[in-house]
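Everything below concerns the one structure shown next.
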Amino acid sequence: MTGIAQRRPAVLIGLIGEGVTPSLTPPMHELEGARHGMSYVYRTVDLSRGQGTEEHVRSLFDAARRLGFTGLNITHPIKQTAIGLLDELSENARRVGAVNTVVFEGDRTVGHNTDITGFAEAFADELDDVARDAVVLVGAGGAGSAVATALRGLGVGELIIVDQDAERADALARTVAARTSGGAIRAASLDDLPALLARVDGVVNATPLGMAAHPGTAFDVSLLHERLFVVDIVYRPVETALLAAARARGCRVMSGLGMAMHQAADAFEIFTQEPADRRAMLADLENLVAAEAAGALAPVATLRGEKQ
């Protein structure tokens, strides 16, 4: 031993998307990096409307590589746009047709999707013992696509996708069926929910409804009953109106907190090749959500998304 502490390599990560300034992902990553003794810096790159074009995103990727970024997290509206700019995709990214994590590996750019694994890992932690012969998924947007893919991998026998836009629900069902293997998958109408929820094992909300900025529920909570498990991927607030109603009716419930933590932990491990302390990261996220609710959260340094 020389008595001199080994210097850990610096890690520079960015989050690119619209409206990312309030994200809790940067402090989660930086706190976990500190536990590993890393110089871990995470910055947000907030895009203005219209900056999600392939040309613009390519310029941001090129700039990030020049500036020495280890990798990037990607969110709305460029999860699909980014695919055409990458040299390689992980299996999950190919299955869902979207990326949320990009790593610069030498001259190559590799895309991953930790939304799928994040949901699956949280489900395994909290609801692994529930029956899942039939499950309703409400919401056929980007989050719904990842959750549908994860539910197929979790062995759901019949997955029914419901959305306000019936065509979008049908398109997602067809896409997921083509890209994954598993049980039956189909779309249904919102009008079918009373009959569906009376017979299925669980329901998952993958819409923004329930968020602080989008209060309410995606469907009538009077349809809930104690034989259902209920999942809401929203985690700000942790206890959404849907989950509160589900608890009151004796349902098993899962908030979006675990998915958010596992998604971030999986990305951290991809970026650093180090194991994440998931229990500590969950505690960090709980503290960050509470601090945000109390108005005590420090702002994160944000870059603008102009071309470099």
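The backbone N, Cα and C atoms fix where each Cβ goes, glycine too.
Long-range Cβ contacts of Lys79 (active site, proton acceptor) within its own chain (separation 6+, distance under 8 Å): Ala98, Val99, Asn100, Gly142. Lys79 (active site, proton acceptor) falls outside any helix or strand according to DSSP and counts as coil. Taken from TrEMBL, the feature active site, proton acceptor applies to Lys79.
Annotation for Thr75 (shikimate binding site): spatial neighbours Leu15, Ile16, Gly17, Glu18, Val20, Asn100, criterion Cβ-Cβ under 8 Å with sequence separation of six or more. The shikimate binding site annotation in TrEMBL covers Ser23, Leu24, Thr25, Thr75, Asn100, Asp115, Tyr235, Gln263.
Annotation source TrEMBL lists NADP(+) binding site at Glu91, Gly139, Ala140, Gly141, Gly142, Ala143, Ile233, Gly256. Neighbour count (other Cβ atoms within 10 Å of the Cβ, all protein chains): 19 for Gly142 (NADP(+) binding site).
Residues or ranges marked as domain 'Shikimate dehydrogenase substrate binding N-terminal' in TrEMBL: 15-102.
The annotation domain 'THIF-type NAD/FAD binding fold' is assigned in TrEMBL to 119-179.
The feature domain 'SDH C-terminal' is assigned by TrEMBL to 256-283. Across the domain 'SDH C-terminal' (256-283), DSSP classifies residues as 22 helix, 0 strand, 6 coil.
Here the binding-site residues are Thr25, Asn100, Gln263; the one with the fewest Cβ atoms within 10 Å of its Cβ is Thr25. Scoring each of the binding-site residues (Leu24, Ala140, Ala143) by how many neighbouring Cβ atoms lie within 10 Å, the top position goes to Ala140. The binding-site residues shown are Ala140, Gly141, Ala143; of these, the one with its CA atom nearest the CA of Thr25 (shikimate binding site) is Ala143.
Take Glu91, Gly139, Ala140, Gly141, Gly142, Ala143, Ile233, Gly256, the residues named in the record as contacts for NADP(+): the widest Cα to Cα gap among them comes to 24 Å.
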